[in-house]
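Trainee: One structure, as structure tokens, below. Some questions next.
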Amino acid sequence: MTEVVQNVAQTHITVENLNLWYGEKQALKNVSLKIPRNSVTALIGPSGCGKSTFIRCLNRMNDLVKNCRIEGKVLIENEDIYGTDVDVVELRKQVGMVFQKPNPFPMSIYDNVAYGPRIHGVNKKDIDGVVRNALRSAALFEETSDRLKSPALSLSGGQQQRLCIARTLAVKPRIILFDEPTSALDPISTARIEDLIMNLKKDYTIVIVTHNMQQAARISDYTGFFLMGELVEFGQTRQIFHSPREKSTEDYITGRFG
């Protein structure tokens, strides 16, 4: 694996010798990498290679999976998130996640975004500002400002996904994980989400799982290629796509297998 982050101060997430098992099946094998701050890191690889399992390790979503066992370290700003004193609720607030299919709550647009701040104790008088700022950051406010009390499910698929991003932003995370966020969307909605992700990296560290090679090339600064639970190669996206060091990386990128 190629080390690309020379300056430790640039590193936001450090993963050291991460192994994960579902029962007897090992899904991740000795994964180590450093994810730079305020960047977009794309994870690519064939279905079942471990990339979605990996990002769920970054906010301990795999804790919810029966018979899941993890070894190794995940450090966020030098704190081991698998330490015994870690508040997992606070961790998931700081490391937000947007899933493959939009999953708005069955409530109004406004209440979807206000939900997280409310349960985390944000003062009622501040909620309006939080909601509006989150919707603006997700490039959705102009489209919804006159119907914030309308059902979230009345939005289009692309708008629903941006609403889910706004909901994530409303609790002020430091890191945002995206698990194939555009795979269920049309090309126009996909382009808007991609533009949004590239804009958000100014304020957040972003890790995205994608099966879309062109998408990874368009929006990411760094790319990791997973195969059979192993991180085969990690580097700057330009290097991975134009001069990969590993033959399996080249074969995957050029479509020889998938």
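We number each residue from 1, going along the chain as drawn.
Using the three backbone atoms N, Cα and C, a Cβ is placed for every residue, glycine included.
Annotated ATP binding site per Swiss-Prot: GLY45, PRO46, SER47, GLY48, CYS49, GLY50, LYS51, SER52, in sequence order, evidence recorded as sequence analysis. If you look up Swiss-Prot, you'll see 13-253 marked as domain 'ABC transporter'.
Walk me through where these features lie, including what they touch and how far apart they are.
Mentor: Following the DSSP three-state reduction, the secondary structure of SER52 (ATP binding site) is helix.
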Trainee: Rank the binding-site residues SER47, SER52 by how many other Cβ atoms lie within 10 Å of each Cβ and give me the one with the fewest.
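Mentor: The binding-site residues SER47, SER52 were compared, and SER47 has the fewest Cβ atoms within 10 Å.
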Trainee: Using the recorded ATP site (GLY45, PRO46, SER47, GLY48, CYS49, GLY50, LYS51, SER52) as reference, state which further residues of the same chain have their Cβ within 8 Å of the centre of those residues' Cβ atoms, listed in sequence order.
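Mentor: Same chain, not in GLY45, PRO46, SER47, GLY48, CYS49, GLY50, LYS51, SER52, Cβ within 8 Å: THR53, PHE226, LEU227.
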Trainee: Same chain only, sequence gap of 6 or more: which residues have a CB within under 8 Å of the CB of GLY45 (ATP binding site)?
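Mentor: Correct list: LYS51, PHE225, PHE226, LEU227, TYR252.
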